[in-house]
Protein chains: 2
Amino acid sequence: MSDQTLSPAATHPGRDAGDNRSFIDDFVELSAFGATPAGGVERQAATAEDGEMRSWLAAWLDRNGFTVEFDRVGNMFGLREFAPGAPWLLAGSHLDSQPRGGKYDGAYGVLAAAHALHRVVRGHETAGTVPGFNFAVVNWFNEEGSRFKPSMMGSGVFTGKIPLEKALTTTDVTGVSVGEALGAIGSLGAGDAFGDGTGRQVGAYAEIHIEQGRELDKSGIVLGLVDSTWGANKYEIAVTGAQSHTGATAIADRQDALYGAALVVVALRELADRFGEDLHTSCGQLTVYPNSPVVVAREVYLHLDLRSPSDDLLDEADALLRRRFAEIEVQADVQIERRFAHTWKGQQYQSEGVDLAAQVVTDLGVSSMKVQTRAGHDSTNMKDTVPTVMLFVPSVDGVSHAENEYTTDEDLCTGVDVLTEVLHRMAGGALS
Amino acid sequence: MSDQTLSPAATHPGRDAGDNRSFIDDFVELSAFGATPAGGVERQAATAEDGEMRSWLAAWLDRNGFTVEFDRVGNMFGLREFAPGAPWLLAGSHLDSQPRGGKYDGAYGVLAAAHALHRVVRGHETAGTVPGFNFAVVNWFNEEGSRFKPSMMGSGVFTGKIPLEKALTTTDVTGVSVGEALGAIGSLGAGDAFGDGTGRQVGAYAEIHIEQGRELDKSGIVLGLVDSTWGANKYEIAVTGAQSHTGATAIADRQDALYGAALVVVALRELADRFGEDLHTSCGQLTVYPNSPVVVAREVYLHLDLRSPSDDLLDEADALLRRRFAEIEVQADVQIERRFAHTWKGQQYQSEGVDLAAQVVTDLGVSSMKVQTRAGHDSTNMKDTVPTVMLFVPSVDGVSHAENEYTTDEDLCTGVDVLTEVLHRMAGGALS
């Protein structure tokens with residue numbers, strides 16, 4: 001493909017003829033880490049594959065004039081300081097993936113931020129100007145939350161929402177802690193990178209990500225301006241019954257924890273069907289004990305996920321679910337314990353950031369629409385502390401958390417162009 | 001407790017004053033292997049705990065004049081030869097357990113057989129008589145089928161129902177094969193113990209087991225004479241959907257394999273409710289991929305279990321289940337593949353064996369009733385090749401495959417007494 005066909009909108013400062021080719025080449029290299037035969041990637045947080053990818057990014061940052069630092073929860077920064085004491089403009093996303101996940105989710109945003117900030121810097125160097133911000137690329141630790149719960153862990157600690165010690169002592173199913181796993185891949189820093197005592201303050205944040213839904217794709221629109229995020233209730237559920245014989249024990253005597261859990265999973269879908277597209281419900285994780293073919297299960301653990309643009313609807317769904325749990329306890333003769341694992345309210349991104357991004361896409365001639373995000377992102381945390389811009393590019397058929405996730409090279413490159421211009425204007429004080 | 005209170009029915013040959021005490025002492029020792037804090041045991045097939053228990057039994061057999069041999073699938077025999085060339089009378093059960101299983105299931109039957117045959121031998125030695133049979137205690141390999149499927153593997157190979165090579169190459173979830181696991185605990189013999197080329201032929205078999213149900217317990221009856229076994233259909237089911245995002249993906253776009261699997265589990269219970277006590281249905285094993293909190297599952301594997309005293313009813317249930325699977329495929333937008341993992345028809349134990357046992361309990365003054373077994377046993381395999389007697393003692397509240405499984409010492413000892421007399425009469429040619 002020619003550079004020209006990739007990006008018709010290359011009017012911003014720092015644009016070079018080879019930028020698109022360079023970005024796509026780097027993205028292809030990056031996508032090799034943890035690559036799966038079906039075209040996806042598997043590099044869960046702080047695994048060897050995550051570590052190798054971090055080494056690749058560190059080499060890229062170093063080669064392009066950024067200094068690499070890790071903070072105490074494994075967030076990875078590429079720092080480019082121009083004006084000591086000036087605020088820092090951060091841009092990034094995450095390199096970790098789901099098991100058999102897609103290659104665009106997170107990784108695209110980190111590489112896009114690195115290329116975009118590199119172009120912004122180059123623009124200033126070419127023009128001989130000094131920006132009002134210092135710049136940092138960020139690769140947030142464990143956005144996915146598949147190996148270590150909860151998700152968005154690195155940005156959660158960074159923004160003070162999750163205590164550092166709690167994050168570091170979180171273990172995976174094999175008992176390995178976050179602290180141990182980060183140490184093993186050489187990603188555990190000795191101190192903070194930003195905030196009190198570091199002499200560095202974050203002034204603003206920007207992130208670009210594939211849309212995890214099909215709004216953009218079905219509308220044929222290239223850029224999504226994220227103006228709000230759905231609220232989410234994530235629950236950990238324990239269903240307790242009593243172990244018995246699958247063949248011999250009379251049905252009336254059974255306290256089948258798996259039957260109870262199955263009723264919970266079915267109830268979740270019935271809840272979604274009741275509220276239509278304003279409620280998403282799901283159970284992605286369900287673990288049975290003892291999980292033997294001829295033993296009625298004594299315990300089942302489930303991780304439930306309810307999301308909605310309406311906090312009221314989420315409260316109503318929660319109440320209905322609790323009532324249904326009480327019925328299931330009777331129906332299956334089991335106990336159900338429920339606790340919130342992670343919860344956030346539906347929230348707005350700052351309108352100034354949305355307006356800035358809207359102006360940029362208009363100026364660059366890129367089609368755009370306002371979109372909501374149903375998924376959480378690191379920007380969901382960052383927007384609560386600093387001015388933040390969140391952008392989406394389309395994902396074909398809305399595929400997400402799957403190996404066949406796909407975004408065209410053209411859309412990827414347009415996204416980098418838009419992010420570059422947004423960061424350029426933010427560095428010029430557009431959101432200050 | 002006094003020996004007297006334990007067994008009022010001690011009239012058979014070979015009875016010594018200390019027999020009950022000796023049996024209970026040995027059973028307490030045996031129950032220490034793989035003991036769990038909640039009073040159960042965990043010693044799945046060919047684990048270290050199974051190996052330690054086998055060493056204990058080998059020492060017991062050796063001490064009491066039996067020669068220990070293993071066959072090529074890890075069945076363990078304690079041989080006592082009186083008349084070279086005469087047929088062999090086998091008695092036993094299995095020492096392996098379910099995960100967090102009960103201490104009586106199987107282990108009671110092996111120790112009861114060892115004590116009973118020891119008493120029969122002692123009776124002949126005391127009387128200076130020579131029996132028409134040689135004797136062997138047997139500990140069948142992998143009756144439970146929790147670590148390696150299918151269940152009743154050792155007796156299945158012994159009776160020619162499962163090919164040896166297929167059994168030895170069966171792997172557990174970590175990829176360890178039966179052959180490797182048996183080698184690791186020193187239980188893999190070089191040849192057969194019985195049959196062509198060994199010069200030994202099995203003439204008859206007897207087994208005693210706790211009832212895995214509450215018929216005896218609720219009737220207040222001590223001895224169950226097993227006259228038939230329920231048929232069983234065991235299925236392996238694969239539900240295939242497509243991986244996506246639990247929060248972001250529209251409900252209408254989901255192909256949620258776990259939702260499909262939950263509908264299967266619920267459908268199973270509805271099937272049991274429809275047929276009443278003549279059909280037992282269950283799913284004890286369900287495994288989700290990728291089992292991440294924020295990923296809609298792409299694949300779920302289930303192990304289903306249908307049992308009935310009526311083969312016709314089992315066929316009807318199978319047809320209804322297949323129809324329901326087709327509906328679930330549409331409802332959850334998934335594919336369901338189904339294959340039989342293990343299946344057996346409802347069958348009768350030979351009436352001669354039931355009559356013999358009935359005569360023994362009458363003569364000993366022990367209360368008894370005819371019972372069916374809903375669970376499979378090694379005797380289910382053995383009865384198809386030689387005259388077989390199967391006995392049950394009560395399990396309090398019918399508990400089975402659970403740590404709180406409990407049978408009183410008195411019932412245990414009465415069971416050994418009855419088994420001893422049954423074996424004594426079988427050795428005298430009662431079933432020949």
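In case you wondered, yes, glycine gets a Cβ from its N, Cα and C as well.
Around B:D105 (Zn(2+) 1 binding site), the C-beta neighbours below 8 angstroms that are at least 6 residues distant in the chain are B:S97, B:Q98, B:H209, B:I210, B:Q212, B:S400, B:H401, B:E405. What TrEMBL lists as Zn(2+) 1 binding site is B:H94, B:D105, B:H209.
Annotation source TrEMBL lists Zn(2+) 2 binding site at B:D105, B:E144, B:H401.
Same-chain residues that are not part of B:H94, B:D105, B:H209 yet have a Cβ within 8 Å of the Cβ center of the Zn(2+) 1 site turn out to be B:S93, B:Y104, B:G106, B:A107, B:Y108, B:G109, B:E143, B:I210, B:H377. Taking CA atoms as the reference points, B:H94 (Zn(2+) 1 binding site) and B:E144 (Zn(2+) 2 binding site) are 8 Å apart. Residues from the set of binding-site residues B:H94, B:D105, B:H209 situated with their C-beta under 8 Å of a chain A C-beta: none.
Within 10 Å of the C-beta of B:E144 (Zn(2+) 2 binding site) we count 26 further C-beta atoms, all protein chains included.
B:H209 (Zn(2+) 1 binding site) counts 27 other C-beta atoms within 10 Å of its own C-beta, drawing on all protein chains shown. The Cβ of B:H94 (Zn(2+) 1 binding site) has 30 neighbouring Cβ atoms from other residues within 10 Å, across all protein chains displayed.
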